[in-house]
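The domain 'Aspartate/homoserine dehydrogenase NAD-binding' feature in TrEMBL is assigned to 16-125. What TrEMBL records for 128, 196 is NAD(+) binding site. Look at TrEMBL and you will find 174-260 tagged as domain 'Aspartate dehydrogenase'. Per TrEMBL, active site is recorded for 226.
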Ligand SMILES: NC(=O)C1=CN([C@@H]2O[C@H](COP(=O)(O)OP(=O)(O)OC[C@H]3O[C@@H](n4cnc5c(N)ncnc54)[C@H](O)[C@@H]3O)[C@@H](O)[C@H]2O)C=CC1
Ligand SMILES: O=C([O-])CC(=O)C(=O)O
């Protein structure tokens, strides 16, 4: 199908139909200007059959490595352990990969070179965070420091490797406990399913080794709270966001919406924000 500008519809594939992936699939099925859902990859097809049958235009169900053939944009919404298996075949074929498990990108950064060599692209949405447009803009000048403080309810942190390895009991907390203070790179290792936002912030700004992060387990909050402070030669800004957890308590509801907003921009006539 072509639009009024003679452009053909962009085909989108989704890898992983969990809390984020199903919302993006539904939005595409309901209609995003110039885009169509062409394929999905799931771990257990039987589990998702009823959902897929309920879509107006059910996509093909393919393996992870086939998505780059069936789509122009492959959206990664799976655990970070699958990042390479999803992104590599797509960018090798010169396609775009939208990455939500952005923490996993740090250990697979050669994928950026691979994309560059093959005309592919890697797009990181703002996700569960706020204000990466301002951080991007400030980074065109000089950023002196970026600090982030994350507070999450206990369920949003349970099972994180840093907590398990250090035998920290967070189940019986009555007061906020600072679990971690360090760089975004270290945070991504210790909290791979909880701190993607810190890595996205670092890639927008001063990188994973200069972006400083605190992580608190906080039994007094019901939302995933992120506060950012940036000091730059163009501006000083503080931003905070209080995310309502989705059916996956580690994942804020706004994350899927951020990806949908990014997808809308791919073919929108009016684009607002960088
Ligand atoms: N960038 C950001 O701001 C944020 C990123 N995330 C990250 O996004 C990713 C997805 O999050 P959710 O949707 O909440 O997770 P989820 O656990 O709800 O969904 C992940 C899905 O991937 C599927 N999956 C696992 N292995 C697969 C495979 N080999 N092939 C196909 N599908 C497979 C699972 O069955 C599950 O349905 C996670 O890595 C999470 O850490 C989460 C929140 C914010
Ligand atoms: O960054 C993440 O992985 C998730 C997160 O903090 C949120 O949803 O607020």
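Keep in mind that glycine also has a Cβ here, set from the backbone N, Cα and C atoms.
Overlay of TrEMBL feature records on the structure.
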residue: 128; record: NAD(+) binding site; DSSP (3 states): coil
residue: 196; record: NAD(+) binding site; DSSP (3 states): helix
residue: 226; record: active site; DSSP (3 states): strand
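The domain 'Aspartate dehydrogenase' (174-260): residue composition by secondary structure is 23 helix, 33 strand, 31 coil, according to DSSP. When averaged over the domain 'Aspartate dehydrogenase' (174-260), pLDDT in the model lands at 97. Cβ neighbour count for the residue listed as 'active site': 25 (other Cβ atoms within 10 Å of its Cβ, all protein chains included). Close to residue 128 (NAD(+) binding site) in the fold, though at least 6 residues off in sequence, lie 196, 197, 224, 226, 241, 243, 251, 252, 254, 255, 258, each with a CB less than 8 Å from its CB. Note on residue 196 (NAD(+) binding site): other Cβ atoms within 10 Å of its Cβ, all shown chains, come to 27.
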